[in-house]
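Q: Once you've had a glance at the structure underneath, I'll fire off some questions.
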Amino acid sequence: MTSKGAAMSFSRKSYRLTSDAEKSRVTGIVQEKLLSDYLYRIFSSPDHGTPAATSRKPLNFHNLPEHVDQLLQVDDEESQGQVEGRLGPSTVVLDHTGGFEGLLLVDDDLLGVIGHSNFGTIRSSTCVYKGKWVYEVLISSQGLMQIGWCTINCRFNQEEGVGDTHNSYAYDGNRVRKWNVTTTNYGKAWAAGDIVSCLIDLDDGTLSFCLNGVSLGTAFENLSRGLGMAYFPAISLSFKESVAFNFGSRPLRYPVAGFRPLQDPPFADLVRAQRLLGCFQTVLSVELDPVEGRLVEKESSEWQLHGQPTVLLTLAHIFHHFAPLLRKVYLVEAVLMSFLLGIVEKGTPEQAQSVVHQILDLLWLFMEDYEVQDCLKQLMMSLLRLYRFSPIVPDLGLQIHYLRLTMAVLRHEKSRKFLLSNVLFDMLRSVVFFYIKSPLRVEEAGLKELIPTTWWPHRSSREGRDGQEAKEETTEERQRRRAYERGCQRLKKRIEVVEELQVQILKLLLDNKDDNGGEASRYIFLTKFRKFLQENASGRGNTPVLCPPEYMVCFLHRLVSALRFYWDEYKASNPRASFSDEAYIPPQIFYNGKVDYFDLQRLGGLLSHLRKTLKDDLASKANIVIDPLELQAATMDDLDEDEEPAPTAAQSWRARQRPVQALAIGGALPLPRPGWLSSPTLGRANRFLSTAAVSLMTPRRLLSTMEKVKVRSLNVEQRTREDIEGSHWNEGLLLGRPPEEPERPLTENSLLEVLDGTVMMYSLSVHQQLGKMVGVSDDVNEYAMALRDTEDKLRRCPKRRKDILAELTKSQKVFSEKLDHLSRRLAWVHATVYSQEKMLDIYWLLRVCLQTIEHGDRTGSLFAFMPEFYLSVAINSYSALKNYFGPVHSMEELPGYEETLTRLAAILAKHFADPRIVGTDIRDSLMQALASYVCYPHSLRAVERIPEEQRIAMVRNLLAPYEQRPWAQTNWILVRLWRGCGFGYRYTRLPHLLKTKPEDANLPSLQKPCPSTLLQQHMADLLRQGSDVAPSFLNSVLNQLNWAFSEFIGMIQEIQQAAERLERNFVDSRQLKVCATCFDLSVSLLRVLEMTITLVPEIFLDWSRPTSEMLLRRLAQLLNQVLNRVTAERNLFDRVVTLRLPGLESVDHYPILVAVTGILVRLLAHGPSSETEQATSVLLADPCFQLRSIRYLLGQPEPLAPGSALPAPDRKRFSLQSYADYISAEELAQVERMLAHLTAASAQAAAASLPTNEEDLCPICYAHPISAVFQPCGHKSCKACINQHLMNNKDCFFCKATIVSVEDWDKAASTSATSSAA
C-alpha cells in the first residue's frame, strides 16, 4: 500500500470542499439511507449516542459540515488565563532572563537544561501560592542535583542552590537526601531515565516527591504561606548534569489525583481531538455493504482502504478538523500516541504494522505536508521520551511496545525518509532507541523474581599461591550457580527480544532498495550518521554535545548486527563479493577524499601536510593528482581560518548552527544549543573535500597528461547513490584504487562507509565505557572477599564474645544483601554488555582493523593517510576482549583466535617503530601494546610465530640507541624477554611485597616470567653481526643507567632530609613516584646489561674489538657506584628503605643487588680464565671498588676499623642466602666462588700497586694516570675518560675545540723528548 492509495491519486483539496453537484453525484454511489446511517454511525455524539432513525433528519455530505461543527462544540470552562493560586504566564517555561547566578545551557523550548558550572540554579517563569500543584522532571543524568521549590527572595550562588536557603526545599536523589538549610535522609536513589514528580500542597503546607510514580512520602511540612509567599519550581545542577521539565505542556507521565499541573492542558482541543479520533476509529471498524444495504462491523486490524469515494469523503471531513490539532505536542502524545500504542498492544506485530502503515498513508493523503511533518516530528519525539524514561519492568513490555510502534512508523517509506532527513538525527537522538538502560534498583526491575537465587565467583585474594586455596565446588554452591545461570539465561532471552527489535529498526534505516521517490534510506542515513560522528569527534571538549557513551555501546552492537546482515545478503546475490568475516576498509578511502574524516589525526600527521609531501605518490600509485593552486588556496584558507573578519565569521556561524539557546547568566545571550537536547553542531566541512580539486584517472593504465580529467570531490551533504556506489565509469568511494588492491568488489560501497563509521564510534567512547562497566564485577569481587573474611572471623570468634559476634553478624548481613543486589546487576551487565554475542562483535571489529591495516601497509607511503583510530581500535579492542570479556568468556573459543593473535603481533612488531607513523600518542600506544603483549605467554608465543624477518626487524628496532627517542618502554620489553633467565630473576612480585595487599593480578607487570629464548637469540645475533650496533646500544644503556641511578640517589637524599626534620612535613607523592620510577629503571637497565653480557660476553671481554675495553671499564665503574651506594650499612639507601614510605614499596635491596650480582657472576665466574682475569683487573683497577660490597651480598660483616663500635646484635643483615626460594644453590655457589676469587685478586693487586704522583692523574676522573693527548688542542686525560667522552661528543672536554685525533701519551717518553729538544 503506497501513499497514493489503490492506484488512485487523492489529495486533501479534492475532499475537503466539494461542489453540490459533485456531492450529489458521489452520494448516488450508495443509498441515501445507507449513507445517512453510515455518517450518523461515524459522527455520533458522545453524549447522546446515535439518534433513532425515525427521529433524525437524513445526513449527507451536504449537511455534514454543520453536523461535525455541532459535534465538536465544547464548553471551555477552563480559563486559559490566570487561575486562582497561580501567577505568571499560562505557558510555563524556565526563566532564562536572569535573576539567578550560575552558568546553564537551556534548550530551545526552555524546558531542558544542562549544568555548565559548579552549581547553577534556574527557576520557572510561573509561581503558585494556593492549591495543589505538580510538575515532573525527567532525569537525563544521575549526578548531583537538587530539585524542588523556592521563593522569589531566595538568592543562590555557585556554592548554594535550591534547598540551601530559607524558603527553598529540594530533593537530592544522588545523595538520597532532602534539603532545607539542613539535610536529612529521604527517598531513594535516582538514575538516568527516572521521572521525579514534585508536589506542593499549599492548602496543608506540605511538600512531597514521587519517583517514577511511587510516593517517597512527605518531605516538608509547615511551609511558609501568606502575603508575598509564592513558590517557583527550581533546580540546581552541577557541571554536565541534565534534565528536562514537564510543567504540563505534555501529558504528565504520572499524574497525581487532586494535584494540578502548573500549565493547563488544552482542554477544548483535547476533547475535540478525542471525538475526532473516535470518528476515525469508527471508520476503521465499520464497513459499507452497498449490495446488502447495511453496515458491517469488523475488527479495525482488518481494515483496508479500497479507494471507496464515500469512505474517502468521510475521512476528508474528519481530517479537515483533525489535521490542525495533530500539530500540537500535547494532543499528539495524549491522543494519537495512545491510539497507535493501543493498536500495537492488541494485535500481532504484522497486523499492527499493516494498520499503522495505512494510517500513515491517510495522514499523508489528507493532511498538508507541513502538518503531517509536524505531526510525525512530535510523534517520534514523544516515542523517544516514552522509551527513554520508561521504568524497567520484568518482561520489558513497555520498551517492546514503544519499539514495535517505532518500527511500524519507520516501515512506512515516505515517513521514514522524512524522519531520517529531518528528525531522527537533527531534532532528536535516534541512538536512544538502541539503548537498553541498566536498572539501578533491581527490585523494581523485577530481577529479584527473575533471578531468585544469587551467586558470585569465589576468587583467591592472594597472588602467588597458584590456586592452592581454590577449593572444589560444593554441591550447594554448584546448585546455586546453576540456578543463577538459569536466571541469567531467562533475563538474556528477554533482553534479546528488545535487541532484535532495535536491529530491525536499523535494518529499515539501512535499506537501499526504497529509492522509488528520491534517495534510498541508506544514503540519507549515511549523511546523518557522518554528521553525528563529526559532532562527537569534534566536540570532545564540549561535553553537552556528546552522545553518552553508554548509548554508543548499544548503538555500535546493533549497527554491527545490521551491517553484517546486509553485507552477507549482498554476498548471497554477488558471488564475487566477500563475506562479512573478510571485511576491511580499502586503503583508497583514506586518501581519495570521498569520506570525511573531519580533523582527526592521520598516521602521517596533518592531512594538508600529507597532500603536499605525498602528492607524487598519489599520482603514481593511485592516479590522483592534486592541483597545486587549489592546494595552496586550501592551505592558506586553513591558516587564515581564525583571522576571518567578524561579520563573515558571524554569518558562517549562523549558517552552520541550529537555532540558538539561552545562556543563563543574568541575561539571554546566544550560544550553540547542546546537541544532546536538540540538534547537532555541524562544525566546519573537511577542507580536503570542499576546497582541494582532485584529478582522477580511472583506468588502471599509464595515462598521458591530456587524459587526466580534473573533477572536484563532492561534499558529504551533496552525495547521491552514484557518488557512493559509483557507476560504469566511476568507482564511487573506491576511486583511486592502488595496484596492490584486488579488483573484485568487497561489498556495496555504502556498507564500507557504515563500517568505517562503526570503527570510529568504537574509538570515540565505546572502549572507555566497556572498561567502566567492569566496575560492577570488581565490586562483586571486593564484597565477596569481604564476606568470606567476615565468615572466617565468625568461625574463629569465641562464643563468649557476644558483642563481637553481633557486629560480625551484622556485617555479614550487610555484605550478603549487597552481594545479592550486585550479582543481579552483574547479570544485567553481562547480558547487555559482556555477552558472547557482544564479544563476537568486538572481535569482528578487531579483525576488520587488522585486515585494514595490512592492506593499507601494502600501499607503502600512502599508509600515512590512514586515520590513527584504526590502530588504536585494533589495540583497544584486543585489550577489551582480554580484560573485559575474558573473565566471562574464554577468548580461546573465538574462531581463528590464534591466527588473529599472530596478525596483531605482526602489526605491533612492524609499526611500533614505523617512520611513516609520526604521532607521539599513537607511537606510545603501539609501544605500550607491544610491551603488554610480551608479558603473557599466549601472546608472546604469537610474537614468536610471526615471520623471521619481521622478528629480526623488531629486535633491531629494540636495539636502536636510546637517545633521541622514548626508551623506557623499549627497555621494559627487553627485560620481559629476559625475565625468568636472569640471576634470581624468577619472581612475579618482589619477595618483600608478598605479604602486603595484592594488586590486580591481570596487570602485565604481575605476570609470571615467560622468557623468549628465540628473541634472545635474535638479539645475540644482531649484536654480534653489526660492528656498530653493540657499541651504540650499550653506550646508550650505560648513559641511561648513569642518569637514572644518579637521579634516584639525588631524590632519596631530599626525601631523607625531609624525613629527618623535626617540624611536621609532607613528602610530595609525585616525588615519591618519580623516585620509585628511577629505581625501577635502574634495575631494568641492569637486567638488560645482564642479558647482553650473558648472551654476547665477547662484546665486553674480547679486547680485540675496539670498544670492548672501554665498555667494560664503564660497566665496572657503574657497578661499583651502585654497590657502594646500596651496600653501605646505615647509609642513605638503607635508611630510606627502612622508612617504607608509601609509593616507594618497590625500593629494596634485593632487586638491584641481584641484578648487579648477575652481571658480576657472568663476568667473573664463567668463561675462560683469560677473560675472567681481564674482567677482574678492570674491576679492581676502578678506584671505587670495595671488597666489602661483595662480602655484603652474602651477609658477611666488614672488618671493624680501630675504635669503631660493635654493630647491634639484633640488626638483621641482608644476605642472598636468605632468599632460598628465589636464588638456587648453584647460583649461591657461584657468588661464593666469585667472592673467593676477588678476595685473592684484590690482595695480589694491593701488594703490587705503586704510589702515583697526583700531577700524573687524569684531571677528569682523578683515578687513572694520564695516558692520552688530544689533537690539536693538546689537553690530556686517561684513555678511558676520553673514549667515553667521544662516544657522545667530539669537542674537547676542557676547551671545546673539535678533537681531530687522540694519541697515546707516556710521561717518560715526553720528558726525554723535551730534554733532547732542549
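Cβ atoms are placed via backbone N, Cα and C, with glycine included.
According to Swiss-Prot, the protein carries these features:
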| type | residues | note |
| --- | --- | --- |
| BINDING | CYS1258, CYS1261, CYS1278, CYS1281 | Zn(2+) 1 binding site |
| BINDING | CYS1273, HIS1275, CYS1292, CYS1295 | Zn(2+) 2 binding site |
| DOMAIN | 72-252 | domain 'B30.2/SPRY' |
| MOD_RES | SER679 | phosphoserine |
| MOD_RES | ARG687 | asymmetric dimethylarginine |
| REGION | 459-481 | region 'Disordered' |
| ZN_FING | 1258-1296 | zinc finger |
Q: Can you name the residues of this chain that are 6 or more positions from CYS1292 (Zn(2+) 2 binding site) yet have a C-beta less than 8 Å from its C-beta?
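A: Correct list: PHE1270, CYS1273, HIS1275, THR1298, ILE1299.
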Q: Across the zinc finger (1258-1296), what are the DSSP residue counts per state (helix, strand, coil)?
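A: Result for the zinc finger (1258-1296), in helix, strand, coil order: 8 helix, 8 strand, 23 coil.
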Q: CYS1295 (Zn(2+) 2 binding site) has how many other Cβ neighbours within 10 Å of its own Cβ?
A: 11
Q: How big is the gap, in Å, between the Cα of CYS1295 (Zn(2+) 2 binding site) and that of CYS1261 (Zn(2+) 1 binding site), rounded to a whole number?
A: 17
Q: Sorted by position, what residues of the same chain at least six away from CYS1261 (Zn(2+) 1 binding site) have a C-beta under 8 A from it?
A: PRO1183, SER1277, CYS1278, ALA1280, CYS1281
Q: For the binding-site residues CYS1273, CYS1278, which Cβ has the most other Cβ atoms within 10 Å, all shown protein chains included?
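A: Compared across CYS1273, CYS1278, the most Cβ atoms within 10 Å surround CYS1278.
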Q: Using the Cβ center of CYS1273, HIS1275, CYS1292, CYS1295 as the Zn(2+) 2 site position, which other residues in that chain lie within 8 Å, going by their Cβ?
A: PHE1270, GLY1274, PHE1293, PHE1294, LYS1296, ALA1297, ILE1299
Q: In sequence order, which residues at least six apart in the same chain have a CB under 8 Å from the CB of CYS1258 (Zn(2+) 1 binding site)?
A: HIS1264, PRO1265, ILE1266, SER1267, LYS1276, SER1277, CYS1278, CYS1281
Q: So among the binding-site residues HIS1275, CYS1281, who's got the most Cβ atoms within 10 Å?
A: CYS1281
Q: Within 8 Å of the Cβ centroid of the Zn(2+) 1 site residues CYS1258, CYS1261, CYS1278, CYS1281, which other residues of the same chain have their Cβ?
A: LEU1257, PRO1259, ILE1260, TYR1262, ALA1263, HIS1264, ILE1266, SER1277, LYS1279, ALA1280, ILE1282
